[in-house]
Amino acid sequence: MEGSEQLYFSTVSNPTLFRPTVLVIVRSSINAANTNLVGFFRSTHNMTIARSVILSTNFGGATWILSILGAFVADSYIGRFKAIFFFGPFEILGYGILAFQAHHSSLHPPHCNIKQNPNADCESLQGWKTSLLYLGLFMVAFGEGFMRSSTPAFGSDQFDTNDPPQMKQKIRFFDIAAFGTCFGATVGLVLVVWVQSFKGWNLGLGVCALFILSGLIVGATGTPFYRYRLPGGSPLTRILQVIVVAFKKRKIVMPEKNIEDPELPAADASDAEMLSGTKDLRFLDKALIYTGDTNSWSYCTISQVEETKSFLKMLPILFSAVLCYFPFALFFTLTAPVAATMNTHLGGVRIAPAALYAVPVLIQWIILVLYNRLITPLVGRCTSNNYSTVTTHLVRAGVGFVFAMIATIVAALVERKRRMAADPKDLSFLWMLPQFILVGLMEVTSFIGLMEFFNNQLPERIKSLGSSMVFCIVGLSVWLDGAIVAVVSRVTRIGNDGRGWLDGMTFDTTRLDLFYGMLAVLEFVSLLNFAFWARKYLLRLRSQ
């Protein structure tokens, strides 16, 4: 019931750390390996660079957005345990379909060696075979999206926040989960990507399915020992109720002194946080007008209206951050295939270019350790009020976006150097390392800054929306990346002999240097836009 305390059922008193952490590790390893999908689309299905990038970003964006839907379904209807173990098999089946298609030559186009013959007319994936590929990708995104939002939260459910010793264990679990995420991503980028690149995509995708299956089996062994949080409604429902009720009462004149429901104090007493009325977004106050009906879709409390106002006032920050995240997915889809055209030997060992993605992962892990142990206590002592705390979070996010802009400039310069080289194989793929370091710094600073900003500013009853809002930022930006690639490819064909910057089967025919330069300009404009809305939010906060 909305507003009631959520209950737990458990057969033991001490929560377990091991099994949820295993799920986090195997998921992280597979998510990291998915950054190599552009190579799969190009090598197995003979797709052009532009089409591969668009399909990869659509897949990534769908996974992030479906994670928000997964959180809503788990919180409102089925619970997190069922979300993991009901939708997890969809991901296994999806990888099975992709591995089956990659294994049987009749289900994908014949191999086309574009390295030896760049001008070859390669047969691309068409017809029902394309539908089979899309089905496999959708099932992976569907299963992963639901598991992504539920797995860490389910691990958190195993602890009683009213018990100080278990609260310490909960903090320890998140530290272990963060380490598990980085460890799993490193395993995926080194081991799984190596199998995909050098042993075949059929085997590599099969390994992905086995990883998820093993994680679910380990997780299922803890079924008798888990705590299970009952579904208690989603914070999105509370927000939607206010908007619907205010719209239904839009023609009613707001009285100077509202005739309140006599049961209002009892209704608000159950709220985790009592909020006072504000003068912002006054049109939402019509949801407070009492017309005799106390149904939650006909009448809302003051706290509920103020929660909705807080959420809506943060939307400009959310959408401006979406624009700043543009380079994020494009780095992870384009850089490894470009590095494959360079010298990928390190010492006497041939390295899969996608293994470079392990660099930002390791950077994130190091910074997270330093952040939790050193920076957070220091910031807590230096920020004595809410205004300075919020300023710190927004500045941290802005610094991350500066790193993103610098990364695009570095990427443009490295790509220009690669194009100017007589033979790209004379250049080491380690030239790509600086931009990976910058992207790692960008992700950890902006992601943490935005997450802490939303968690700090959202009222207690809807605080769980913080992670969903960050997921939304990443998901929308990844989706829009595909649109940018499609538009740039089409526009740059004009007056260029019909060949766009990202057209063709090989990177020797592209103008990635110009594309990265355009992204740097776009990132600079997006940074100014983010700074404008952040400053506006801080000025409003300071005036309160």
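Using the three backbone atoms N, Cα and C, a Cβ is placed for every residue, glycine included.
Positions annotated as transmembrane segment by TrEMBL: 53-74 (among others).
The transmembrane segment annotation in TrEMBL covers 80-100 (among others).
The transmembrane segment annotation in TrEMBL covers 173-195 (among others). Tertiary proximity for the transmembrane segment (173-195) is limited to same-chain residues at least six positions away from its ends with a CB under 8 Å from its CB atoms, namely 15, 17, 20-22, 24-33, 35-36, 152, 155-156, 158-159, 203-204, 207-208, 211, 352, 354-355, 357-358, 361-362, 364-365, 368, 372.
Taken from TrEMBL, the feature transmembrane segment covers 201-220 (among others).
The transmembrane segment annotation in TrEMBL covers 317-339 (among others).
Outside the transmembrane segment (351-372), and at least 6 residues removed from its termini, the chain residues within Cβ reach (under 8 Å) are 32-33, 35-36, 39, 175, 178-179, 182, 185-186, 189-190, 193-194, 196-198, 332, 335-337, 339-340, 342, 344-345, 429, 432-433, 436-437, 439-441, 443-445, 448. Look at TrEMBL and you will find 351-372 (among others) tagged as transmembrane segment.
The list of residues near the transmembrane segment (393-414) in space but at least 6 beyond its ends in sequence, with Cβ under 8 angstroms from a Cβ of it, reads 317, 321, 324-325, 327-328, 331, 335, 431-432, 434-435, 438-439, 441-450, 452-453, 456, 512-514, 516-517, 519-520, 523-524, 526-527, 530-531, 534, 537-538. Under the heading transmembrane segment, TrEMBL lists 393-414 (among others).
Per TrEMBL, the feature transmembrane segment maps to 429-450 (among others).
Taken from TrEMBL, the feature transmembrane segment applies to 470-494 (among others).
Summarising the annotation, TrEMBL assigns transmembrane segment to 514-534 (among others).
Long-range Cβ contacts of the transmembrane segment (201-220) within its own chain (Cβ-Cβ under 8 Å, at least 6 residues beyond either end) map to 19-20, 22-23, 25-27, 29-30, 33, 40, 43-44, 84-85, 88-89, 91-92, 95-96, 98-100, 102-103, 143, 192-193, 195. Within the chain carrying the transmembrane segment (317-339), a Cβ under 8 angstroms from the stretch's Cβ atoms is held by residues 35-39, 42, 49, 52-53, 56-57, 60-61, 353-354, 356-357, 394, 397, 401, 404-405, 407-408, 411, 415, 418, 429, 432, 435-436, 439, 442-443, 446, 450, 453, 469, 472-474, 476-478, 480-481, 484-485, 507, 512, 519, 522-523, 526-527, 529-530, 532-534, 537, all 6 or more beyond its ends.
Counting same-chain residues at least six beyond the ends of the transmembrane segment (80-100), those with a Cβ under 8 angstroms from any Cβ of the stretch are 23, 70, 73-74, 107, 132-133, 135-144, 146-147, 149-151, 153-154, 157, 201-203, 205-206, 208-209, 212-213, 215-216, 219-220, 226, 228-229.
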